[in-house]
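Here is the structure we will look at.
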């Protein structure tokens with residue numbers, strides 16, 4: 001019975017990780033804002049701020065999409081191929097996919113948080129204004145996407161730990177003996 005509980009918990013967190021990584025990539029890919037600034041007189045200037053202007057945020061979208069693919073593949077293999085006979089270069093594939101998804105998600109979240117701090121002026125910037133002063137909604141979306149991405153990474157880690165404790169016939173209830 002305990003093995004079924006661990007497997008159900010792992011499935012739950014795998015589904016959550018897939019949804020959260022997709023949501024983070026979508027929120028970041030739609031992060032843009034038109035900023036209208038006053039020119040002092042009757043003139044006004046405007047410019048657009050978008051995730052595509054920052055390499056780290058473009059990496060975020062790509063990493064989120066790649067981790068979603070890794071999470072979907074791991075979910076399929078975990079749920080459908082319960083015997084875990086799928087191995088690549090003598091390593092079980094599900095833990096490799098879990099590790100890849102975690103790596104992409106944690107690095108993407110870090111890149112987004114760092115970019116948000118740099119774009120937002122940070123504490124060490126010493127400037128009077130930043131992009132986030134004028135485009136607060138853009139920076140808000142970047143922050144939300146980074147937080148969702150971090151939660152997705154934690155979900156993948158929890159799913160991996162739960163699947164490891166699910167048992168499955170190997171010694172001491174451990175499924176993946178590296």
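Backbone N, Cα and C define each Cβ position, glycine as well.
Per Swiss-Prot, the topological domain holding residue 11 carries the same name as the one holding residue 81, which places both on one side of the membrane. When the ranges 86-106, 107-127 are checked against Swiss-Prot, the one recorded as transmembrane segment is 86-106. The feature transmembrane segment, as given by Swiss-Prot for the ranges 37-57, 142-162, sits at 142-162.
Within the model, the topological domain 'Extracellular' (36-59) carries an average pLDDT of 78.
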